[in-house]
Structure formats: C-alpha cells, structure tokens
Amino acid sequence: MEHYISLFVKSVFIENMALSFFLGMCTFLAVSKKVSTAFGLGVAVTVVLGISVPVNQLVYSLILKDGALIDGVDLSFLNFITFIGVIAALVQILEMILDKYFPALYNALGIFLPLITVNCAIFGGVSFMVQRDYNFAESIVYGIGAGTGWMLAIVALAGITEKMKYADVPAGLRGLGITFITVGLMALGFMSFSGVQL
C-alpha cells in the first residue's frame, strides 16, 4: 500500500505532467482563465488519464508486448497508433457523457474537449506507463495521480490568473507574457519537491 501512495504523491507533485514535463501546455494555457472551467477540464483530463492509462496497459501487456500473443511476435511497433485510438475512443465517450449530463461544462470547454484526444499529457502518461513498466494496479494509481497533478496545476494557474485581473500588470507583459512568467514560477515551486525521496 505504501508503494501506491508513494507513486500517487510522486505523480502529483514530483513528476507533475504540466509543471515538470510541460505536457499538455496548449489546453493548460488556453483554458486557465476561469477556475470553474479549468476545474472542469482538469476533471476531464483526470478521468481520461485514469481510464486510458490502465486500459492501454492491458492492451500493451496482453496484445502488443513482445511475446504477448505469440512467442517471438513483437507488435510494439503499433504502440503509438493503438494508444491514440484507445485515447480517442475514451474522449469521444467522455464528450457524449458531458454533452448529455453536464451541458454547461460541455459548452464552456468548447473545442478544448475534443483536443484532449491529442493532448500530449494523456499520451505522455500512457508512454511513461510503458517506459516504466507499470503493472495494472500501478497504472491506475499513476493515471489518476498524473491527472490530479495536471488538474491541480491548471486550477492553481486559473486562480492566480483570476486574481491578476486586479493587479497592475505592465502593458508589455499582459496576456501570455505574465502567464508564462507565472507558470515558470509555479514550475520552480513544484521543482522543490524533486529532492523528496519516496
């Protein structure tokens, strides 16, 4: 149990997808204007990561891994296309659920919801799972932890951005300039966790 808690904390803080690996920055920067929208997208990314990482782990270990189906047959060259297909299917299912049960969030996310399909944070989580050779239970914990870390980062950035509306930001830094500085400072803060041994 301690191993799974350690893996979760590590994936949220020490190896944060957005602030350590800078994955998923397109939606991270674009949807971080309001906390409510950022939280909704963060939950969507967490759900997709929490489902796609373990599902892709099963696909990889049972079908694509060297010798999984037949001894001597290595289908790992199909990793990228298979993982992207699984992620795309899961995002389509999530999009239909949000459209039916949460139409306000669906409309607020707009074009960024289908873009979760090509969000490199999702694919990065799946790739890290393969690279680190996580088992099924570890991939569940890692997927949820990585999504939670990404959500924590985007909600924190949205909160700071909302507060910055009342600040006197110099004209040359307004918009993306101050956002990049803020993200850099947040990344420095999260970097302080890198010395923690779990």
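Placement of Cβ uses the backbone N, Cα and C atoms for every residue, glycine included.
Here the transmembrane segment (11-31) has long-range neighbours at 37-38, 41, 45, 109, 112, 115-116, 119-122, 124-125, 141-142, 145-146, 148-150, 152-154, 157-158, 176, 179, 183, 186-187, 190-191, 193-194, 196, 198, meaning same-chain residues at least 6 beyond its ends whose C-beta is under 8 angstroms from one of its own. Taken from Swiss-Prot, the feature transmembrane segment applies to 11-31 (among others), supported by sequence analysis.
The transmembrane segment feature in Swiss-Prot is assigned to 35-55 (among others); the stated evidence is sequence analysis.
Long-range Cβ contacts of the transmembrane segment (77-97) within its own chain (Cβ-Cβ under 8 Å, at least 6 residues beyond either end) map to 44, 47-48, 51-52, 55-56, 59-60, 63-64, 106, 113-114, 116-117, 122-123, 126-127, 130. Positions annotated as transmembrane segment by Swiss-Prot: 77-97 (among others).
Per Swiss-Prot, transmembrane segment is recorded for 110-130 (among others). Residues 17-18, 21, 23-24, 26-27, 30-31, 41, 44-45, 48-49, 52-53, 56-57, 60, 79, 83-84, 87-88, 91-92, 94-95, 98, 139, 142-143, 146-147, 150 of the same chain lie 6+ residues outside the transmembrane segment (110-130) yet bring a C-beta within less than 8 angstroms of a C-beta in it.
Per Swiss-Prot, transmembrane segment is recorded for 140-160 (among others), and the stated evidence type is sequence analysis.
Residues annotated as transmembrane segment in Swiss-Prot: 176-196 (among others).
Residues 24, 27, 83, 86-87, 90-91, 94, 98, 102, 105, 108-109, 112-113, 116, 119, 121-122, 125-126, 129, 136, 139-140, 142-144, 146-148, 150-152, 154-155, 157-159, 162 of the same chain lie 6+ residues outside the transmembrane segment (35-55) yet bring a C-beta within less than 8 angstroms of a C-beta in it. Listed as Cβ neighbours of the transmembrane segment (140-160) (distance under 8 Å, sequence separation of 6 or more from its ends, same chain) are residues 4, 7-13, 15-19, 24, 28, 31-35, 37-39, 41-43, 45-54, 121, 125, 128-129, 134, 179, 182-183, 186, 190.
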